[in-house]
Structures are given as C-alpha cells and as structure tokens.
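Worksheet: one structure, shown below.
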Amino acid sequence: MAARDRFGAFPQEPNGSKLQRFIQGACDPVNFEPNLALNLEIADEINKRKGNAPREAAVAIVNYINHRNPNVSLLALNLLDICVKNCGYPFHLQISTKDFLNELVRRFPERPPARPSRVHLKILEAIEEWRGTICQTSRYKDDLGFIRDMHRLLSYKGYVFPEVRREDAAVLNPSDTLRSAEEMEEEERAAQSAKLQELIRRGTPADLQEANHLMKIMAGYDQTSKTDYRAKAAEEIGKLREKARLLEEMLGKVHKGETIGQQDTFEELASALKTSQPKIQKIIEEESEDPDAVVKLLEVNDVINTTVERYNFVKRGDLDSAKALPLMAGTSPSAAPPTPTTELSLIDLEDGANGGPSAPASGKPASLEDDLLGLSFQDSGSSSFGQGGGIALGFGANTGIPGPPLLSSTVETNTAGQQQHITPSTSPAPQVARQPPVFPNYFQNVAAPSTQSMAPFVSPSIQQTPVPPVPQNNGKNASNDDDDWAFTSSLPPEKPAPPPVSQNELVILNSNLHILLDIHRPVTMPDGPILVKAKFSNNASQPIQDLTFQIAVTKKLTLKMEPQSGRHLEARQRAGVTQIIRVSGVPRGGGGNVKMRWKVSYRVGAGPLNEEQGVVESLPVA
C-alpha cells in the first residue's frame, strides 16, 4: 500500500514541466479555496500545448485527487472540473480511459460507507455530470463509453449519485453558436490529432492500424471520408434562417396587450439571431471570392436584422411599427406555420439525422507533421497508474453485474472508441463455373414456401419433400411460334448451408451473422445452472467487426456471462467467436419455461452498425 501512495507528502519545491508546476501550485494545501485564475491558466496551457498535454494534466490531477489531505483532493477536483469544461474532446478522451477512471475511484471501498466523504461525493457528482452531458450529447460519445460503465459499476456496488443541476452542466452540452467552415475544420482536426496521439501512445497492433487509417484521412489520402465543410456551414445558415422564419410567425400571432421577451422562447430565438450576426459578417469576409455566397449571406443578414427589429417593436408593445416592417418571404402575420414532416425543436432546430457523431473528416494535407509535434511515446505516470483499487474496470472483470455486459469487460483497449480492422479485401471475384453443354431443368429448385420463416427462434430439422421432376417437352406438341425463341436464365449462387442443428442446439439468428446456442445442463448437477454456449459465424463475404452480444432473463433467474472470445469474424468463418452463459435458478425440468431476450450489434466490412434482437421462448433442455 505504501508503494501506491506516491503523493503521501506534498512536494516542497516545484519540479517537472511548466504545466506540472502550475497544477502543483493550484493544488497546494496552503490554498484555502480554489485559485480560479490559475485554474483557467492551466486550461489555456493545455489548449495551447495540445499533444501530450491533456494526458499529462489528467495524470497529475488524478494523483492529487488521491492525496491523503482532503483539502488537496477538493482543490484537484475543482481543477478537474475546470479542465473538463474548457479543454474539449482531447481532455474528455483522457478522462474516459480505463486507467484514469480506475485511479479516480481507487480510494472507494468495495461497499459504500454510511456517510461518504466530501471527496467521494464530488467524484460521484462529476461522474454523474459527465454521464448526463458529454456521454449523451457529444459528437464523439462513442469514445466515452467507459464513463457509462463506471457509472453503472458504482451503482451496482450501491453508491448513490447526487443530483446535478442542469444549469451547472449546461456548458458541457454542444453550443448552438454559428460556426464557419474553417472553425469546423479546425475543431475536427484537433479531435483527430488527440485521437491519433492516444492511438500511437498505446501502440498495440490494432491501435497502430487505426492510427495509420486516421493519418490517411488527415493527410487527405482517403477521399471517401472527406467532409465538405462549406456544405455543413450552409446547413447551419439554413437552420438560422429557419429560426428567423419561426420567430416571424410567432411574432405575427402576438395580440395587443400580451407580454413577451421575459425568459421565454421569443427571447431565446431573438438572442440566437443576435449572436449569429457577427459570425455572418466574418463568413462574408471569408467568402468574398464567391459572389453567389456573399449575396445569399447578405440576404440572410437582412432577414435577421428585420426580424430582430420586429421583435424589439413587439416587445415594447408597438405592434403598428412591427407590422410596417417588410415580411420575410413566405411568411404572413396571421398564417399558421406549415406542418413539418418531422418534429421540430423550438430551441435549437437541430436535425436529428445530423446530430450524432460524424465520421472523421480530412483536413489540410500539408500540415500532418504539425499534428505530431509534441508527441510523446512515453507514458506519463508510474507503472501502477490505472490499476485502481477494489472497484475498477478491466477486460473480463465485473461479469456478475445484472443485465448486458459492460463494454469495458468485452474489449481490451484503454478507450471505448471502436477499433477499425482496415484490411484490404483479398477474396477474388466470384467465378462462374463452366457447365457442360446439357439442358438443365431450371424448375428443379422451386419448392413450396416453408414455414421455417414463421418461427425464427425455433430450429427444427427441415425435411424437404422431393419435388417430382417436370417432364421435359421434346417440342413435338409446341406451336410453331415457340421455335423462334431460345430461353436462358442466370440463377444466384447458392448460400452456404448452415451447420447441422442437434436436439440441444438453437439457431436464434441466420442473416449475415449466424448465432447458434448450444444448451445443456450437467448430468451430475440436475438442479445446477443451465450452460449456454453461443457460437457466432459469419455468412457474409466481408469480415464482421465490433461484435457485441447482449442477453437478459426474467428477474427470478440469475444470468452470468463470461467475456466473448473476440469481436472480429473473418469472411465465411464458422464459430469464430464463442461465449459461455450460465442461467441459474431454473428448477429441474423447467428449461421449457425459460424466456430470454437477446440483442446483437455488429458491423459488416466498413458499413454501418447493424442491430438485431429477438426472444427465445423456451430452452430445449430439462
């Protein structure tokens, strides 16, 4: 234990880099309250240095959080909150790693105390705040999945999270500020640089492979992932124009004597339009070489000026002056707004299809070496960093938690970002076998529709009734018109036959992914748990990756899942991934009454993430 307390005594003299000296000064126990100016200066230093600075700061701060002096811990937690809210995705990526989260809760006991300390409450409040904001609203929320795992693990252990005020956490949600194309590109490149830094630092083969792919995107070599930032900026301008139209229609329905503009929707829309005007003027200067774009931007700027002026008149109660202003095209003061095809938010008007995390986009091809400046291949901190205490995330750990398995228990990586298996396709194009010059019977494969598709969760052995051959016509009874036609056909290649199913096996999915459950109960333990071995096969001609299988049972039963043997299946690979599942609490002879729900997600090649689910009505075991 003594070896783990690396900061048992506070250093008397500053040492290390400038950033570490700043952090040491901010967490000095002589401070009776947080030094806000120094904390903001530390955040500015992290944003200015970039490179390895976010990880260096995160490691130093979490070490001070585990200090014996609670005053030092509280000062470090306040500094951590400032960095999370001001340093963006590069710092968010560091606080979502297994190592950081394990160190953050290293001093948490296995069972929660009756009266938790202030330090424990602040840590719980921080995790609750992160889970409700950046883990749900960030464009890169897929990389922050381990924060959700830690929240779920602490809840399972019995810890109660304090309520977080929405006003305090609002700064972590994405802003509705208008951004130019250059600002979008700069933000994207900063996120890509941080991800590249972390991938190279870890240095596993899968990480280096993903880093190689990411460098191709950043250098502009991979044009398939290139993002048109000007088109995205045009979408933002369109949303701003839609806000102006909505405010115009709302102002047209205000009657004399009504009061508006007191912390309501009118004020929020008007404020969003006012704050966007300086940005529009900046974009006009940047797009000065495109006359068409300048004309459209000036038109939008005039519409915003008119709408804001009308809002000021209506707010003061001068409806006559408001009506004298020209109306926006397609808007009347008394007409009801057209019914939108999708539900529209009155606050941000964000399109749900564009709100999720987008694919990484390429940046300037000539500045890739600038993103590697300050890159450190050495780990910050000691070798024991990230081991955690009694509560920790890890591959194969925490398998007893009810419900779906934790993501951190199924992957070996330190961050939750999906690993990309970028392997060139080596499978040759399908070759058509040469057939001997005979006249085939093209109707021999036509059979009556099978009822197998009506029961997707039950897999009885299929018995096909042989179809009598169709008598061939030798042409003697055909009409003379048929002699002028020669029929040909091209049938699709047959799919590989699924493996045979025994009495205790159950096929629950047979699409691109084939899932077979091998179910049995040990003969020596007739009242023991039911053992289910899930076997995953690939029916597709492309590899399957990011495979995650989840299963649930009713509350009266107990479910325990061992980690998957892997998350990647090669093309046409049979039973390449397996997983053992134990179902306890089933009485002897009650296997037919067990009901389970399952859900699986996977990605075929470089395509989108597929999700499929279903229900197992009974288990073929006593």
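Each Cβ is built from the backbone N, Cα and C atoms, and glycine gets one as well.
Worth saying up front: this structure is predicted, and the values here are computed from it rather than measured.
The compositional bias 'Low complexity' feature in TrEMBL is assigned to 356-366. Here TrEMBL flags 407-429 as compositional bias 'Polar residues'. The domain 'VHS' annotation in TrEMBL covers 26-162. Annotation source TrEMBL lists domain 'GAT' at 189-316. Residues annotated as domain 'GAE' in TrEMBL: 500-620. The region 'Disordered' annotation in TrEMBL covers 348-367, 404-437, 456-502.
Note on the domain 'GAE' (500-620): its mean pLDDT in the predicted model is 88. Residue counts for the domain 'VHS' (26-162) under DSSP (helix as H, G, I; strand as E, B; rest coil) come to 96 helix, 0 strand, 41 coil. In the domain 'GAT' (189-316), the DSSP tally of helix, strand and coil residues is 103 helix, 0 strand, 25 coil.
When the domain 'GAE' (500-620) is classified with DSSP, helix, strand and coil residues number 3 helix, 63 strand, 55 coil.
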